[in-house]
Structure formats: C-alpha cells, structure tokens
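S.K.: According to TrEMBL, the record shows the following:
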type	residues	note
DOMAIN	28-523	domain 'K+ potassium transporter integral membrane'
DOMAIN	536-773	domain 'K+ potassium transporter C-terminal'
TRANSMEM	25-46	transmembrane segment
TRANSMEM	66-87	transmembrane segment
TRANSMEM	156-178	transmembrane segment
TRANSMEM	198-217	transmembrane segment
TRANSMEM	224-246	transmembrane segment
TRANSMEM	271-291	transmembrane segment
TRANSMEM	303-324	transmembrane segment
TRANSMEM	348-373	transmembrane segment
TRANSMEM	398-418	transmembrane segment
TRANSMEM	430-449	transmembrane segment
TRANSMEM	456-478	transmembrane segment
TRANSMEM	484-504	transmembrane segment
Amino acid sequence: MDLEAAGGASAGHGKRWRGESWRATLLLAYQSLGVVYGDVATSPLYVYKSAFAGDDIQHSAGNEEIYGVLSFVFWTLTLITLLKYVLIVLRADDGGEGGTFALYSLICRHVRAGLLPGGGTRDELMEEDKAMGRHGERPVSRVRAVFEKYRVLQRLLLLFALLGTCMVIGDGVLTPAVSVFSAVSGLELSMEKEQHKYIELPVACAILVCLFALQHYGTHKVGFLFAPIVCIWLLCISAIGLYNIIHWDHHVYRALSPYYMYQFLKKTQTGGWMSLGGILLCVTGSEAMYADLGHFSQSSIQIAFISVVYPALVLAYMGQAAFISQHHNFESSYHIGFYVSVPESLRWPVLVIAILAAVVGSQAIITGTFSIIKQCSSLSCFPGVKIVHTSSTVHGQIYIPEINWMLMVLCLAVTIGFRDTKHLANAQGLAVITVMLVTTCLMSLVIVLCWNKSIFLALVFLLFFGTIEVLYFSASLVKFHEGAWVPITLSFIFMVVMCVWHYGTIKKYEFDVQNKVSVNWLLNLGPSLGIVRVRGIGLIHTELMSGIPAIFSHFVTNLPAFHQVLVFLCVKSVPVPHVQPEERFLVGRIGPKEYRLYRVIVRYGYRDVQKDDLEFEKELVSNIAEFIRSSGEYDKNGFMADTDKPSEKLSLVSTGIPLWEEDGDLDASVSPHKEVDPQNIAPKRKKARFMIPKSAQVDSEVRRELQELMDAREAGMSFILGHSYMKAKSGSSFIKRIVINFFYEFLRKNSRGPAYAANIPHASTLEVGMVYQV
C-alpha cells in the first residue's frame with residue numbers, strides 16, 4: 001500500500017487552484033474574507049482594552065504607553081501573521097490542507113513515525129516502503145534517523161500535536177465568547193451605566209445561543225452573507241481609523257518604529273511585560289488562515305490579507321491610538337476600547353456591524369473546531385462522533401451535533417462565569433499563543449524533514465519566532481488566576497480523552513495483530529472452509545491488513561454456514577487529507593480462486609467523505625470484478641504470482657467494471673413513478689450486471705468467477721462486525737485497569753461506531769461479540 005502515492009494524489013487536489021485564472025483567484029480571495037478573517041478582523045474590539053485592563057500599565061500624558069502598545073501591535077501583526085503564517089507556514093500544506101494535525105501527518109509520512117493504528121503506524125509505513133521498493137529512495141538525515149530510532153520521540157511528537165489540537169478546541173470555546181461579548185460591550189457607551197449592566201450579559205448569551213442553534217443549517221446556507229459583512233466591517237474600521245489619525249494625531253505613525261517598544265518596556269517594566277497578554281490578541285485568528293487552507297488557495301488567502309485585511313487593521317489600530325493619545329481623563333480602563341474612538345453619531349450602526357462581524361468570526365472558529373474533531377476521530381485520536389456534511393459540494397463544511405452543543409454549554413459557562421472581557425481575553429490569549437508555539441515547533445521539523453532544508457535554517461526559524469512567542473506565552477501564563485486557567489483546564493480534559501482513546505485503540509489493534517489466524521489455517525480447511533457455503537456476499541470487517549482476524553475463526557467455529565463469497569474488508573483512514581478515487585481500493589485474493597476469498601483495503605483521507613451503503617457496495621463489487629478480470633489477463637500472460645500459494649498480493653484497482661442497475665427491480669410493491677428514499681432500500685433489491693468490455697479477452701474461468709460474484713451480489717450482502725469489549729489482563733497495574741476498564745469502556749459505550757457502520761442497514765448486519773484482554 002502506497003501512502004506516498006496517496007499523498008501525491010491528494011497534493012494534486014490541494015494544488016487544483018494553480019491553473020485557475022486571476023479572476024477565479026480574486027473571487028476566492030473575496031470569499032475567504034468571510035470564512036478566514038472574521039476572527040482577526042474583530043480583534044480591534046478588545047486589544048487595547050485588554051492591554052490596559054487592570055493595574056498592569058496606566059495611560060499617562062506622555063503617551064509612551066499607548067505608542068508602545070501600538071508599536072507592539074504593529075510588529076506582532078507583521079511578524080507573526082504576515083511573515084510567519086502568510087508567507088511561510090501556508091506553504092507547508094499537506095495535500096492542500098492545513099492545521100496542526102496536517103503538520104503532524106506530513107511529518108509522519110516523511111519520517112515513518114506514525115502511531116495511528118490502522119492509519120499509518122510505523123511498522124505499516126516501513127512494510128509499505130519495503131513492498132513498494134522505496135526503502136533506499138529517501139535520503140536519511142540525522143534528525144530523521146533519530147526520530148525513527150527512538151519511540152519516545154514519536155510519542156512526544158504525537159502528544160505535542162494533540163496539545164495544539166486541544167488548545168484549538170479551547171479556542172473554539174473562548175473566541176465566540178470574547179468576540180460577541182466585546183461587540184455587545186458597545187452598549188456601555190450608548191446607554192446609561194445602570195442599564196447596560198443588566199442588558200449586556202443576556203444579549204450576549206442570546207446571540208451565542210442563536211449562533212450555535214443555527215450551526216446545523218451549515219455554513220453554505222448563509223455563507224453568501226459572510227464576505228460582505230467582513231468587507232463592510234473592514235471598510236468601517238479603516239475609515240474610522242483614518243478619520244481619527246487626521247483629526248486627532250497625524251503623527252501617530254511614529255509609533256510604528258521599534259524604538260517605542262523598547263521605551264515602553266523600559267518605562268513600564270513588569271507591568272508592560274504582563275500587558276503583552278492583551279496585546280497578543282491582535283493576532284488571534286491567524287491560525288484560522290492555515291487551518292482553512294483546504295477551502296481556498298494559498299494565493300487567494302495571501303492576496304486577501306496583504307491587500308485588504310492587513311492595511312485595514314493597521315489603520316484601525318493607529319486610529320484608536322491617535323484618539324486615545326489626545327484623551328487622558330477617562331474614568332476607568334474600559335473606555336480605552338474600540339467604541340470610544342467611534343464618533344458618537346455612528347456608534348449604533350457600528351455596534352450592529354460589529355455584532356454581525358463577531359458572529360461571522362465565531363462561525364469560522366466553530367467550523368474549524370468541527371474539522372479538527374473530524375481529523376482526530378478519523379485518525380483514532382478522538383471517540384467516534386456523528387458527522388453531518390452540510391454541503392454537497394464543499395466537503396470541509398461539516399456539523400457535529402455533540403460537539404456543537406458541548407461548545408455552546410462551555411461558551412455560555414465562561415461568559416456567565418467571568419462577565420467581562422478581561423478574564424475572557426486572558427484565557428483566549430493563552431490558548432492562541434500555545435497553538436502558535438506548537439505550530440512553530442512542528443514547522444521547524446517540516447523544514448528539515450519534509451523540505452530537506454538545512455538544520456541551521458530550521459533553528460533560525462525556531463529561535464526567531466519561538467523567542468517572540470515564548471515572551472507572549474510567559475505573559476499569558478502569569479495570569480493563570482485571572483482566567484488563563486480555563487484553556488489549561490479544557491485542554492487537560494480533552495487531552496485525557498484523546499490519550500485514553502488512542503491508548504485503548506492501540507491496545508485493541510495490538511490484540512488483533514497478536515491473535516490473528518494465519519492464512520495457512522484457513523487454507524487447510526479446504527475450498528468449502530469446512531462449512532456449508534450459502535449464496536450471498538459476506539463482508540468481514542477487520543482492522544488488519546494481513547492475516548485472518550480472530551473474529552472470523554470465532555464465527556466459523558460456532559456456526560456451520562457462511563457465504564459463497566467472502567471479503568475481508570479493511571476500511572483504513574490514512575494520514576493524508578484526501579485519497580483519489582482511482583487509488584482508494586486495494587484488492588487481493590486469499591488462496592486459490594475456487595475459495596472465493598478476497599481481501600479489500602479501502603483507504604480514506606482524514607478529510608474525505610465516505611459514501612452511503614448503496615454507492616459503497618456498488619463500487620466495492622465493481623472493483624473486485626475488475627480485479628478478477630485483470631488478474632485473469634495477468635495469469636494468461638504470466639505476469640502475476642501463483643495464487644495457489646498462501647501468500648497474498650494486493651493490487652491497486654484504478655477503475656472498476658461498470659455496473660448497470662435496473663430501477664424496475666428495486667421492489668415489486670414500489671410504483672416506478674413514486675419517489676424512493678435510497679436509505680430505505682435494502683441492497684439485495686438492486687440488480688447489478690457487469691459490463692465486461694468487448695475488447696477484453698476474458699476466458700471461461702474468469703467469466704465463471706465474475707458470474708458467481710454477480711449472483712452472490714444479487715442474493716444479498718451481509719456485514720459481519722466485531723462488537724468488542726475491552727478488559728485489562730489480570731495482574732495489570734492499577735492505572736491500566738482504571739484506564740481500560742472504566743475510562744476507555746465509558747468512552748466506547750458513549751461514542752458512535754465507524755462511519756461506514758452507520759450506513760449499513762440493520763437487517764444486513766451481524767455483530768460478533770468478543771472480549772479483548774489487553
């Protein structure tokens with residue numbers, strides 16, 4: 001099995017925009033404004049307010065503090081967002097996809113450091129390289145050799161990627177709360193003080209409830225509104241900023257000099273360092289640019305940021321600083337916010353636009369959280385959840401009900417619990433900078449291991465951006481008691497869930513490998529396998545890519561009959577975002593032809609959409625038929641190994657034999673003019689016929705095998721699934737017993753089964769229970 005081929009094929013999907021015209025690129029750049037930049041575009045609502053919150057720094061008449069904060073905001077936005085993400089990190093796409101897990105899977109495929117069962121473990125990757133003759137193809141650098149040698153480094157790499165993923169989920173809880181509450185806080189300048197205190201919180205909570213309640217409609221239903229809203233918002237803040245610069249302080253541009261950062265830290269010292277946690281929020285949402293790379297092209301995201309978003313944000317921050325520099329007699333720090341710099345006659349319209357922009361920004365991070373959860377679930381690092389695809393054309397637009405309502409409850413909890421932007425901003429800042437640190441570290445490994453650049457260049461990248469981010473991280477962490485404990489707590493909970501699920505899945509996979517039955521045992525049973533072979537196709541699901549699963553021996557030992565055609569089906573999630581349809585199926589034969597035993601490995605990327613049961617069955621049978629036909633040609637010309645031997649040889653089947661379905665044979669009781677729901681039609685009611693190409697020289701033996709496969713398909717298809725129960729072995733440590741017997745079993749019982757199992761008709765499913773002692 002060739003993961004590199006799959007990665008290369010998916011890379012073609014990711015680079016599908018290269019041939020597009022400039023007109024198409026500009027259209028994508030416009031669309032990206034509403035999906036990618038809603039979060040970073042709303043950061044002017046709370047950056048200055050968070051920087052001057054509390055007693056860390058005070059705004060003096062000399063304006064050193066406001067100029068210093070502006071200088072920090074400008075250079076942080078320039079170095080982190082523009083230089084690091086837009087110009088460098090966006091180039092590190094995994095087949096066109098971005099995000100923390102994309103970086104991890106990219107590294108794993110180049111280093112053979114996978115730890116994901118059934119989806120690219122280290123042993124599987126090495127076996128695949130050996131089988132494909134690629135073991136001498138890659139240059140082995142010193143860093144790569146160290147990672148492949150030490151298992152502990154591979155585990156640390158996975159934990160590091162999971163940490164970044166957990167912080168992204170935490171950001172999905174905090175960003176809607178911060179954005180919406182900051183937008184609603186504009187009521188404090190438009191209403192009397194005694195009134196706004198009782199209105200802000202209920203209004204913010206109501207908006208959040210509506211936001212999460214509308215998620216099931218999907219981004220595509222309201223997506224056409226997103227880009228105009230963000231465009232209007234960016235135009236609004238840039239115009240207000242330009243007005244404030246001209247009207248109040250046209251010399252504010254001097255603060256763009258790095259000298260003012262030095263002056264700021266020199267005067268404020270510890271207080272200025274602690275205020276960096278609020279300044280950091282100017283780059284919140286930068287990770288979304290990379291995470292949403294799969295929805296847009298690299299050039300469209302770069303064009304949108306450089307030409308529209310970046311200038312608008314710089315003008316907005318400069319305008320706020322210009323206004324505040326001329327107003328020193330505020331009663332409290334909350335007046336050093338965004339709305340105080342808005343002309344009084346425009347505050348209500350700006351308030352409405354800000355709330356809409358905050359909703360758009362929140363929508364983007366919520367959708368990004370759904371995508372992260374789906375990636376983790378596909379790679380066995382998160383319990384199974386229900387994934388609803390809300391768009392028939394854009395595969396990345398998904399909705400996960402369980403995660404959506406969990407995010408809503410947590411978001412409302414932190415909003416009601418803190419009731420101010422100070423603590424919410426402290427919490428969000430720590431989550432944002434932790435994800436950025438993880439991205440910097442993983443990116444430095446990509447530079448060495450994937451781009452084959454010098455280790456010196458990787459160290460320069462790591463030290464330069466790492467030093468900046470560590471400075472911000474320390475400033476955020478010091479506010480642990482003032483809200484920063486929230487993302488740490490959330491990340492710890494999600495990390496425990498992911499680690500327990502991953503550990504239990506690994507142990508289950510190892511049990512399957514250790515207890516699998518050899519092919520020789522099966523062949524010694526004879527063509528009939530020692531049992532009665534009845535009509536139909538039996539699909540035995542297994543996580544194994546070789547050998548016979550213990551569930552099959554357990555089944556045939558206790559039951560006297562089985563299907564005339566047996567297919568050992570392995571549905572595998574591989575650590576690449578997409579697998580092309582022509583590279584999805586690997587088909588092989590187990591034993592001689594008369595046994596009618598086949599092995600099929602179906603590969604899906606972590607961003608692929610699995611088909612429903614009818615389409616999947618048709619495609620599966622079609623590819624097996626093509627394998628039978630092509631293997632007959634190989635046998636005739638002497639190209640294929642002797643299949644009478646117990647060894648297996650899997651072949652990549654690029655195009656299956658076409659199937660023709662007769663609609664009249666669906667059901668005798670169904671009117672041909674009545675609409676039929678495909679979900680309610682059993683597979684055996686579909687008649688399929690193989691269209692063997694006339695040009696193909698098919699002998700009678702191959703035609704007989706194809707006919708038997710067709711007859712078995714018409715008789716019906718049954719799915720044999722294992723229903724496992726995990727139990728720690730006697731004598732295991734106390735921690736292992738707690739993890740396996742309680743935590744993992746609790747997660748397994750409350751999680752959904754595999755995605756393909758959800759589409760299987762209950763009448764065609766047979767579950768075989770087994771106890772796994774690990």
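Even glycines carry a Cβ here, placed using N, Cα and C.
Since the structure is predicted, the reported quantities are computational estimates derived from the model, not experimental observations.
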S.K.: Spell out yes or no: are there three or more C-beta pairs under 8 angstroms between the transmembrane segment (430-449) and the transmembrane segment (398-418), with each pair 6 or more apart in sequence?
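M.R.: Checked: the transmembrane segment (430-449) vs the transmembrane segment (398-418), no contact.
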S.K.: Mean pLDDT across the domain 'K+ potassium transporter C-terminal' (536-773), rounded to an integer, is what?
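M.R.: Taking every residue of the domain 'K+ potassium transporter C-terminal' (536-773) together, the mean pLDDT is 70.
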S.K.: Does the structure show the transmembrane segment (198-217) and the transmembrane segment (348-373) touching, where I'm treating 3 or more Cβ pairs under 8 angstroms (sequence separation 6 or more) as a contact?
M.R.: yes
S.K.: Using a Cβ-Cβ cut-off of under 8 Å, list the residues of the same chain that are 6+ residues beyond the ends of the transmembrane segment (484-504) and lie near it.
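M.R.: Tertiary neighbours of the transmembrane segment (484-504) are 115, 158-159, 162-163, 165-167, 169-171, 173-174, 277, 376, 380-383, 410, 414, 426-431, 434, 476-478, 726, 739-740, 743-744, 747-748.
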S.K.: Counting only CB pairs under 8 A, let me know which of 224-246, 303-324, 456-478 has the most with the transmembrane segment (348-373).
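M.R.: Against the transmembrane segment (348-373), the leading stretch is 224-246.
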